[in-house]
């Protein structure tokens, strides 16, 4: 996997530190079950081009696109 190539570089280490700080500040709960990630975040800001949306809590649900059970082949 290509993303692992940058993990032990200065840039990769800096990014990991920043992400860890963000997660500790805003992540309320997370869960992984049946290839489905669920994250609940506190004090979320989302930006569009000209619009800023602020909410107290947001839920992000993410699944692995490779294991969707579809019958298509690559």
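Cβ atoms here come from the backbone N, Cα and C positions, even for glycine.
Please treat TrEMBL annotations as automatic predictions, because they have not gone through curation.
Here the domain 'Transcription initiation factor IIA gamma subunit C-terminal' (27-65) is broken down by DSSP into helix, strand and coil counts: 1 helix, 31 strand, 7 coil. Per TrEMBL, the feature domain 'Transcription initiation factor IIA gamma subunit C-terminal' maps to 27-65.
In the predicted model, the domain 'Transcription initiation factor IIA gamma subunit C-terminal' (27-65) shows an average pLDDT of 89.
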